[in-house]
Structure formats: C-alpha cells, structure tokens
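Annotation source Swiss-Prot lists active site, proton acceptor at ASP13, citing sequence analysis. Sequence annotations record features per position, and here Swiss-Prot assigns active site, proton donor to HIS41 based on sequence analysis. Summarising the annotation, Swiss-Prot assigns GTP binding site to 12-18, 40-42, ARG304, 330-332, 412-414 and lists sequence analysis as the type of evidence. Residues or ranges marked as IMP binding site in Swiss-Prot: ASP13, GLU14, GLY15, LYS16, ASN38, ALA39, GLY40, HIS41, THR128, ARG142, GLN223, THR238, ARG302. Sequence annotations record features per position, and here Swiss-Prot assigns Mg(2+) binding site to ASP13, GLY40 based on sequence analysis. What Swiss-Prot records for VAL298, ASN299, THR300, GLY301, ARG302, LYS303, ARG304 is substrate binding site.
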Amino acid sequence: MAAIVIVGAQWGDEGKGKATDILGGLVDYVVKPNGGNNAGHTVVVGGEKYELKLLPAGVLSETATPILGNGVVINLEALFEEIDGLEARGADASRLRISANAHLVAPYHQVMDRVQERFLGKRAIGTTGRGIGPTYADKVSRVGIRVQDIFDESILRQKVESALDYKNQVLVKMYNRKAIVAEEIVQYFLSYADRLRPMVIDATLVLNEALDQGKHVLMEGGQATMLDVDHGTYPFVTSSNPTAGGASVGSGIGPTKITSSLGIIKAYTTRVGAGPFPTELFDKWGEYLQTVGGEVGVNTGRKRRCGWYDSVIARYASRVNGFTDYFLTKLDVLTGIGEIPICVAYDVDGVRHDEMPLTQSEFHHATPIFETMPAWDEDITDCKTFEDLPQKAQDYVRRLEELSGARFSYIGVGPGRDQTIVLHDVLADN
C-alpha cells in the first residue's frame, strides 16, 4: 500500500503533470484533491503534448483510475470540453470518476470573479477569471452547489435561487450589472446530469478501500505551496489548500495513510500573476529562462515571471508539507548559462533571514542573498543516470539538495516522460 501526495513547492508550473504522468502509470488511482480549471499542466506522452486544466494528468494513464476529489471545484462545461478534446485525439477518459461531494462552478461564479477583479483595479489579485475563488467562497459560506445536487431538481432549484437572492443584489446595486435568471442556471446544470451521473462515486470510500486492499494511490495537488490560502503569499494566493494537508482533506484519505510527500520544484523559479517574488529577474536572464524554459501559462497564456532558485522557499515548502522527497524539473534549461546564482537567504533591512520572514511586509522587502555555481555546457537531455550528468550539473543538484530540506529523488532533464533520472523510487520505498 502506498498513498503518495504530489505538491508544487513554489508558485505553480513546476512540472507536477510530468511527475504524475510518470508515477500515474505505476499506481491504481490518481486523485486530484483541490483546485479547478484555473491551473493547467502540460504532459508529453509518446511525443504528443497534452495541455490539461481540470483533469488530473493521471487521466492519460492506461491503467490508473483518475478521480476528481471532494476538494475540487468543477466547471461542467470545461470538464466535458476537456474530455471530448482528449477522446478526439484517441485518449480514453472513460475511467474518470468524480466525488459526489465536489462543488460546482456556476456561471454566476465566473461573473462575480470578473467584476470583482475589475472593481479592485490596481489591487486586483490576478485571478484567471474562471470563478474558482467565488465557488470556494460559497462552499465555505455553506451556499455552494455540489455534484450530488444536480440529480435532485428541487434541491438544485432551491440552492440556485437562494444563492442568487444575494448575488443579484450585489451585481445590480454594486456593480451595475444585469440580474442573473435562476431558471437559466438550473437548466444549465440539468443539461449535464445524465452524462455526469455514471461518473459519480463515493470517492472517500473507494480510495480508502483501495488502500486497505494494498493498492497504490497518487494524490495530484494543483497549484503550489506558495499559493496556499493559509501558507502562501497571502493575499496573492489561490482559494484552496494545495499543500499535503489539503490533499488529505480534498481526497478523504486520512493523513496517517500518506506514505510519501513528493515536492515538485524547478531548477529555477517562476510565478504567474501579482505578488512578491524575491529572486525575480528583469534582465536578459529572465528573458532567457522565459524563452528556453517555455514559460508561458498553459491556462492563461500569460508569460511567467522568472527568477533564480530560492532555497528559502524550498525549505519552507519542505517544512509545511513534510516532504520526504523532491522531484527537480527543468535542469536542462540551465545548460550553458555560465554561472547560476542560488538564493540561500534573504536580507531584510540589513538583517539576514535563513527562513521565511515572519510578516508579509518583510517578505515584500526581502532581497536575495546569492551564492553562485558554475553551469555546464554539455547537453544533458539524454542522460539516464545521475552519473551521466556533467560533474558541474551533479554539483548543482547536490547543493540544492543540501539547501532544500529533503532528498532529491527524481531529476527532469527534458519534457519527455523518459527524460527523467530516478535516484530513489518512492513507490519501491513503500
């Protein structure tokens, strides 16, 4: 039995999809415990590139059962568009299952998201505008609509009307928008009920029974540690808990059953949207990482902000998630750049901080303290073992490992599934 949770250790886009794709073919279930169609990931299988948003990367596994857990918020239109797109390319999404307790994104959530961001102006968070935050807000406020609700029309209508009693007041009187018609929302949800019904399960029961039978479960977290609503760079965060603890809550798998916590981390750092970013680059090297690393958001099309590796954040992520292992990605992007700076600590108003500053204000004023290491010039994309890497690349990896709080068990040297060096097999260890 193994229950492995995959967590982004930075601000997202670390390569969680690749890690899930590799491990997903070796497990029985792949569950997405949080997020929605606001965070995309790219998976390369057999030379084919798949860009997924709502579905877990495990949907491309030929053997694993992919599950959207209770912590996910689901846009049904986006869900079936993604399924249809995969099947049009020959992929089989028929094994997908969905928790009856997952919440649904309503059209009015997307409207609220966009008008709120517009109202905030320069203070906007930089959301994707897909209604994720408002859906989670309704969940916490106990006025959300769950998957199970669309199979009972009377309950569905009651919940939609109740939600719109308040939201229409806000839209009309505060934002000068038209009121949303409740019946249109009800019919929108009902139109998906028949297609959705065969997919819906008691995910908590299924997953725990699988573990009791000695099967393997992979929890594929969305977003990343530094976007966690509690542990991230608040308020520039997502609306869920994309950390190891959140994976337990969003899947219904108890924390004592989690056997490994695998952090996914780039050999440099990126971020999309607003918020502090101590190692951010504004020179030619930022543009270099952006171009060579292909740093454009799958979901938004926005260019990612790029910076050097930040070991302060890595140590913080290790602590918050209890990482047992790291999966280092995009090492190949650093080939041939001369010298590689590594952030080992921060300077905040003349005081050295080896760990995350206590307050958000201090973090905003943090200046990175760097040490540098020489880069390598050799092409590493065909390396199969750690010993195949140039010595300078080995030294860089080992230094990051020393600084980051957990052992490095996987190293990505290219986008392909087979372009991965395995130092420790987390499944074999469990």
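Every residue gets a Cβ built from N, Cα and C, even glycine.
Known features from Swiss-Prot, placed on the structure.
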{"residue": "ASP13", "record": "active site, proton acceptor", "DSSP class": "coil"}
{"residue": "LYS18", "record": "GTP binding site", "DSSP class": "helix"}
{"residue": "ASN38", "record": "IMP binding site", "DSSP class": "coil"}
{"residue": "THR128", "record": "IMP binding site", "DSSP class": "coil"}
{"residue": "GLY301", "record": "substrate binding site", "DSSP class": "coil"}
{"residue": "LEU331", "record": "GTP binding site", "DSSP class": "helix"}
{"residue": "VAL413", "record": "GTP binding site", "DSSP class": "coil"}
- To the nearest whole angstrom, state the Cα distance for the pair THR42 (GTP binding site) and ARG302 (IMP binding site). 15
- C-alpha spacing of ARG302 (IMP binding site) relative to VAL413 (GTP binding site), in angstrom: 24
- Note on the structure: Neighbouring CB atoms within 10 angstroms of the CB of LYS18 (GTP binding site), all protein chains considered, total 26
- Rounded Cα separation (Å) that holds between GLY301 (substrate binding site) and LYS18 (GTP binding site): 19
- Query: Of GLY12, GLY40, GLY301, the binding-site residues given in the record, which has the fewest other CB atoms within 10 A of its CB?
  - Reply: GLY301
- Where the distance is taken from Cα to Cα, which of the binding-site residues ASN38, GLY40, THR128, ARG302, LYS303 turns out closest to GLY15 (GTP binding site)? GLY40
- Might you list, by sequence position, any residue in that chain lying six or more from LEU331 (GTP binding site) with a Cβ less than 8 Å away from its Cβ? ALA267, ILE380, ALA393, TYR396, VAL397, ILE411, GLY412, VAL413
- Task: Provide, as an integer number of angstrom, the distance between the C-alpha atoms of ASP13 (active site, proton acceptor) and THR128 (IMP binding site).
- Result: 14
